[in-house]
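Colleague: Quick one: structure below, then a few questions.
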Amino acid sequence: MEGAILAGGSGRRMGGLAKGLLPFEGAPLIRTIASRMAARCNRVSLIVASDKQAEEFAMLKLPTRLDFLPGSGPLSALHSALTGAEEPLVWVSACDMPFVSPQAASWMAGRLAESGANAVVPFVHGRLHPLQAVYRSDCSVYTRECIDRGERRMMKLLEAIRPLVAEESELKEVGIDLSFVTNINTPEDYDRIVPGYRMG
Ligand SMILES: Nc1nc2c(ncn2[C@@H]2O[C@H](COP(=O)(O)OP(=O)(O)OP(=O)(O)O)[C@@H](O)[C@H]2O)c(=O)[nH]1
């Protein structure tokens, strides 16, 4: 399995800050996420929306690729992650999820292998989390189809992929901490996760 971190968002709700560079456990958040992913992945890449972002993240020294259609949202970033993959399975994560879990990813990859599904997407706290999920790299057929139709919505992509859904109860049963889908969107979210770190 390989890892892909989508890091090309604009972070508007965070005041335009690059969320992936927020300090977390003594390192930029993306570094913490990448080292956790490296526990299960032979390679972890970053997918960004512009050369400027690629430069901004260059000090992380991760293989970096551009979106298929730069800046047109996570679906085109996911397409780039899948087409650039060297392995049949891709663990995808947003860059703002501090508690990514190798245990959860392994479990999802195992379910994928057993079931023959195209992808495994967790359904936690009442919603699907397609940016913390495991996909077969050949799901690029579906991402491309959506892009060609001008479709940008991840939920429309999921309708086409028909992933196996990892239910909250199943995840809990195998002892997976549901915080692996927690993400940081606002200064308040960050402050909750890194107490005492007051944003401007
Ligand atoms: N490569 C790439 N990643 C993206 C793009 N849009 C969003 N992402 C990533 O997808 C994840 C979820 O993004 P959101 O939090 O919904 O959007 P955001 O742009 O980061 O933040 P807001 O502007 O506050 O909505 C984050 O890891 C983003 O960096 C894009 O166009 N390209």
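Using the three backbone atoms N, Cα and C, a Cβ is placed for every residue, glycine included.
Below, the features straight out of TrEMBL:
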DOMAIN    3-156  domain 'MobA-like NTP transferase'
BINDING   Leu6, Ala7, Gly8, Lys19, Asp67, Asp96  GTP binding site
BINDING   Asp96  Mg(2+) binding site
Colleague: What same-chain residues, at least 6 away in sequence, bring their CB to under 8 Å of the CB of Leu6 (GTP binding site)?
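Modeller: Expected: Ile47, Pro74, Ala77, Leu78, Ala81, Val92, Ser93, Ala94, Cys95, Leu131.
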Colleague: Whose Cβ, among the binding-site residues Asp67, Asp96, has more other Cβ atoms within 10 Å than any of the rest?
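Modeller: Sorting the candidates by Cβ neighbours within 10 Å, the top entry is Asp96.
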Colleague: Output the one of Ala7, Gly8, Lys19 that, of all these binding-site residues, has the highest number of other Cβ atoms within 10 Å of its Cβ.
Modeller: Ala7
Colleague: Express the predicted model's confidence over the domain 'MobA-like NTP transferase' (3-156) as a mean pLDDT, rounded to an integer.
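Modeller: On average, pLDDT over the domain 'MobA-like NTP transferase' (3-156) sits at 97.
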